[in-house]
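Here TrEMBL flags HIS79 as active site, proton acceptor. Positions annotated as substrate binding site by TrEMBL: PRO176. What TrEMBL lists as Ca(2+) 2 binding site is THR207, ASP259, ASP267. Sequence annotations record features per position, and here TrEMBL assigns domain 'Plant heme peroxidase family profile' to 38-339.
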Amino acid sequence: MDHKFFFLSAPFCVICLFSAINARPDYSYPDKPADNGMLSYSFYDKSCPTLNMMVRSGVWAAYKNDARIAASLLRLHFHDCFVNGCDASILLDDTKDFKGEKNASPNRNSVRGFEVIESIKADVEKACPSIVSCVDILVLAAREAVVMSGGPNWPISLGRRDGVTASEKAANEQLPSPFEPLENITAKFVSNGLDVKDVVVLSGGHTIGFAQCFTFKRRLFDFKGTGKPDPTLDSSLLSNLQNFCPNNDGSNNKTSPLDSQSVYRFDNMYYKNIINNSGLLESDQALIGDPKTAAMVKDYSANPFLFSKDFAASMVKLGNIGVLTGQAGQIRKKCASVN
C-alpha cells in the first residue's frame with residue numbers, strides 16, 4: 001500500500017466521515033423486547049440516553065488516529081462472542097482464579113482495542129454509573145467501527161450483562177483458526193447457532209484489517225507440507241508476500257492487509273480477491289473451493305448491497321450468542337476486572 005497516498009487523502013476522508021456520521025439518523029425502536037427475550041432496543045433510553053453518542057464519540061476518537069482500530073474492534077467483538085457467548089469475557093485480565101482469554105493462542109499479541117473499550121466505559125460510568133455493561137459497549141463499538149469504515153448499519157438490542165470469568169482453554173478450543181479446513185470452521189459456527197452462510201458473510205469482515213505473516217506464511221513456502229507455494233495463489237501477490245514475509249521467524253509478526261485493494265474501506269473487495277485467487281488466508285481462499293460457499297462468494301463479489309444487507313443480519317445473530325440477561329452476570333465497573 002502507498003502510505004503517502006493514504007495520509008495525503010486522509011483529511012478529505014475525515015471530513016466525509018465526520019459529515020456522514022453526524023448526518024446518519026439513529027435507529028428508533030418501540031419499547032418492546034427483541035426476539036431473544038430480555039434484550040430491548042430501548043433498554044438504556046431512560047437510564048443512559050447518551051450511550052450511543054458516547055460510544056460513537058469514543059470510537060471516532062480512536063479511529064481518526066488509527067484507522068486500523070476499526071477492524072480490531074470488530075474482531076474483538078467476534079472473539080468475545082465465539083467463546084462462551086457475548087459476555088465481555090475477552091476483556092478480563094487474568095486473576096488467581098482463572099487464566100483469561102487475552103493470552104490464548106488466537107489472541108496473544110494479536111487482539112487489540114482493549115483500551116478503546118475501557119476508555120468509553122470510563123466515560124459511560126461518569127454519566128451512567130453501574131448501568132451499562134462492557135459487553136453492550138463492545139457490541140455497539142463494533143457497529144460504529146464498521147459504519148465509520150463505510151460499512152452497513154444495523155439495529156442492536158441491548159441489555160446484555162457481563163460475565164464474571166474467562167477461559168484461556170475455551171478460547172484456544174472455540175475460536176476458528178485460519179489453518180483449519182472449512183468444515184471445522186463451519187462446525188464452530190454451527191455450535192454457536194450460526195450457519196454456513198454466516199461463515200461466508202462474517203469472513204467478509206476481512207475486507208478491513210491485517211494479518212500477521214505467520215498466519216499465512218505456509219501458503220508462501222510450504223503449502224500443505226509440499227515445500228512449495230500454494231499453486232492457487234496469484235503469482236504477483238505471491239511474489240510480493242514472499243518479499244514482505246521472508247521464510248524466517250523474524251518476519252512472523254509483521255502484518256499485511258487482509259484486503260490490499262481497499263485496506264481501510266469496508267466493501268465487497270474481499271470476495272473479488274478470492275475469485276482472483278488473492279485471498280490472503282487459507283481459510284479465506286477455501287471459500288471458493290466448496291460449491292455452496294463459492295456460489296455465495298460470487299454473489300457478494302457482484303452485489304455489494306447484498307453483502308451489506310447480509311453482513312448486517314449476521315452481525316445481529318453474532319451479537320445475540322449466549323447472552324446473559326436479567327440477574328445473570330453483573331455490570332462490571334471496569335471492563336478488565338470483575339466487581
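Backbone N, Cα and C define each Cβ position, glycine as well.
Each of the binding-site residues ASP259, ASP267 was scored by the other Cβ atoms within 10 Å of its Cβ; the lowest score goes to ASP267. Among the recorded positions HIS79, THR207, ASP259, ASP267, the residue whose Cα lies closest in space to that of PRO176 (substrate binding site) is HIS79. Sequence-distant neighbours of HIS79 (active site, proton acceptor): residues of the same chain at least 6 apart with a C-beta under 8 Å from its C-beta are ILE90, GLU101, PRO106, ASN107, VAL111, ALA171, LEU175. Cβ atoms within 8 Å of the centroid of the Cβ atoms of THR207, ASP259, ASP267 (the Ca(2+) 2 site) belong to the same-chain residues GLY204, HIS206, ILE208, GLN261, SER262, ARG265, PHE266, ASN268, MET269, TYR270, site residues excluded. It is THR207 that, of the binding-site residues PRO176, THR207, has its Cβ surrounded by the most other Cβ atoms within 10 Å.
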